[in-house]
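> Handing you this structure, nothing more for now.
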Amino acid sequence: MEPTSKKLTGRLMLAVGGAVLGSLQFGYNTGVINAPQKVIEEFYNQTWMQRYGEPIPPATLTTLWSLSVAIFSVGGMIGSFSVGLFVNRFGRRNSMLMMNLLAFVSAVLMGFSKLGKSFEMLILGRFIIGVYCGLTTGFVPMYVGEVSPTELRGALGTLHQLGIVVGILIAQVFGLDSIMGNQELWPLLLSVIFIPALLQCILLPFCPESPRFLLINRNEENRAKSVLKKLRGTADVTRDLQEMKEESRQMMREKKVTILELFRSAAYRQPILIAVVLQLSQQLSGINAVFYYSTSIFEKAGVQQPVYATIGSGIVNTAFTVVSLFVVERAGRRTLHLIGLAGMAGCAVLMTIALALLEQLPWMSYLSIVAIFGFVAFFEVGPGPIPWFIVAELFSQGPRPAAIAVAGFSNWTSNFIVGMCFQYVEQLCGPYVFIIFTVLLVLFFIFTYFKVPETKGRTFDEIASGFRQGGASQSDKTPEELFHPLGADSQV
């Protein structure tokens, strides 16, 4: 039975692969706005000239560009907070399928913005694709976590982050001036998102609905059993069904969990706090400052070909996500998150030193590249992939949609703050801007060390019962004490 449960079947690969196309969309739309900044700003200037007969004021251009970057996160905040409205009503798979309509609308708006001489169309398109991506960051980890066997849940959950970083890398390559990041083709660069949306529309109808949703939410045991047999590649799915039934019985003893209930109930208070702080540790680590403004950071560091250095960081990004994929089930979530936070803090200090001494020591530009590459690598070891799927692991079926909505909203809100404020904070702090992120990284390390339990190898119900047993006094317990009933290996 044990070896069978670990099997990576064709149907499971199809289900996860179809879902993470949404993750790729998220990554692509995060990274695509970076490289063509100058040509899009020129489009804004030309449009302004045609309307008002004068060049666009520099302050207005900065505001419009910051809005073009940050409006994506506003859409993401709205989308992430709406996850529960869809997944409980339409199911996990059907929700992902329906949301592709937003991607098609966004592609049309951004693709025809130049023809329509309207920067408003581009900004609206960025907002709509942001809503799509906000929903996706809830749908994909939830679906992947629910279709995956316990032994593969961490590795397959990391594929969400792998989809994101591959999307960022594709955006960086497509954004090269010699490919699509030029005066003529930038509308195509922004609208090419219709291709993964179309591909997902073709694949998802062949993917199964989440068996947990079918059994626990819809009480369709026969369908859930049939889906499990296909996903596991075996006729014996007794253990999975038994675990889901136990979780279903536990849900029936609980009243319906709303977002407010997550914060009122002692059983949910600690896991929701952990979920939110882990999401903040991802976004407030400074990683999106690197993603959004990497080209300009490399320019300031004196790098001759900054766009290629940016692509180099994208390759490092992807490579270390693959590393995380293979070690997450061995090393554990908590350990990797701690290593990632500590490494990023060290690289942020190096980056600060390199930028501060650049004028006196030109060779410091090379140190800045090493520091940024190291920063990105350590991010993908832990803070990149782990917050996405650990939220789904911390909660049982009942509170999971509400918890993912709260965690996603926290992620996108902090994403918005970084995207909107980094340019201004950088102007204020100069080369010392990454000291702010260093302090935050140290604080997140301390929180993770004292509060975050290990979830590796545990069923959803085992993890949730660990918090329930803590009850009202759980805030006084260490992760080891809180999860002691789950076995001696609760910490890695």
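Cβ atoms are placed via backbone N, Cα and C, with glycine included.
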> Out of N45, N411, report back the residue that Swiss-Prot marks as N-linked glycosylation site.
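The candidate carrying the N-linked glycosylation site note in Swiss-Prot is N45.
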> With Q282, Q283, N288, N317, E380, W388 listed by Swiss-Prot as binding D-glucose, identify the candidate in Q161, Q172, Q183 belonging to that site.
Q161
> Answer with yes or no whether Swiss-Prot records T9 and V391 within the same membrane-side topological domain.
yes
> Checking distant contacts: for the transmembrane segment (366-388), what same-chain residues at least six beyond its ends satisfy Cβ-Cβ under 8 A?
137, 141, 157-158, 160-162, 164-165, 275, 278-279, 281-282, 285-287, 290, 294, 297-298, 301, 303, 309, 312-313, 316-317, 319-321, 323-325, 328, 333, 336-344, 346-348, 350-351, 353-355, 358, 407, 411, 444
> Fewest other Cβ atoms within 10 Å: which of the recorded positions S226, Q283, N288 wins that one? Let me know.
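Looking at the recorded positions S226, Q283, N288, the Cβ with the fewest others within 10 Å is that of S226.
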> Indicate whether N45 (N-linked glycosylation site) is helix, strand or coil by DSSP.
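Going by the DSSP assignment, N45 (N-linked glycosylation site) falls within a helical segment, counted as helix.
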> Measuring Cα to Cα, how many Å separate N317 (D-glucose binding site) from N45 (N-linked glycosylation site)?
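Rounded to the nearest whole number, the Cα-Cα distance is 34 Å.
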> Compute the C-alpha separation of S465 (phosphoserine) from W388 (D-glucose binding site), stating it in Å without decimals.
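So the alpha carbons of S465 (phosphoserine) and W388 (D-glucose binding site) sit roughly 21 Å from each other.
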> I need the CA-to-CA distance for Q283 (D-glucose binding site) versus S226 (phosphoserine), whole Å please.
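Spelling it out, the Cα of Q283 (D-glucose binding site) and the Cα of S226 (phosphoserine) are 39 Å apart.
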